[in-house]
Amino acid sequence: MSKYQIDIEINSASQQLPSEEHIRQWISTALDSQQLDEAEVSVYIVDTDEGRDLNREYRERDYATNVLSFPADIPPEVEIPLLGDLVVCAPVVEHEADEQHKPLDAHWAHMLIHGSLHLLGYDHIDNDEAETMEALETQLLARLGYADPYDEASYPEAIPTNPAPRRQASSSAGHIE
């Protein structure tokens, strides 16, 4: 039995979702990096409209983004292993993987590790924080057999993961308008 409780709810029509086993493996890899005794994380996989609604409501940004992290707000004196919730917008992850010529499973792994690290207190607001977080993401992904997601040379010959025509995206990375 795992020391982590990872609940997964899918509200997406995507036919390209990773298995629940992979989702749990990727999140557990991030949690293991912090040597936690136990943890609870909820993962909610959504489509573009819901992703946009949540991003607008909680971040005041009117577009769907790849992953939203909602750390649990539990007082320190309450001993509950709840870390928080992750919301992943499947169409955005698929679009980004295609646009960046990355294998879809590698990008899913990256987004779930990235979101999990946010739940663990990591951030990328300033350059030092970003370097620390990106280095840990790269290390964890390498442990899983994936290339450095920040090194474009890691995917020079990659075949686009989505054979469908590309969607129109704004110039900002990480979202679909």
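The backbone N, Cα and C atoms fix where each Cβ goes, and this holds for glycine too.
Features as listed in Swiss-Prot:
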BINDING   HIS114, HIS118, HIS124  Zn(2+) binding site
REGION    154-177  region 'Disordered'
COMPBIAS  168-177  compositional bias 'Polar residues'
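The binding-site residues under consideration are HIS114, HIS118, HIS124. Their Cβ neighbour counts within 10 Å are lowest for HIS124.
Secondary structure at HIS114 (Zn(2+) binding site), as computed by DSSP, is helix.
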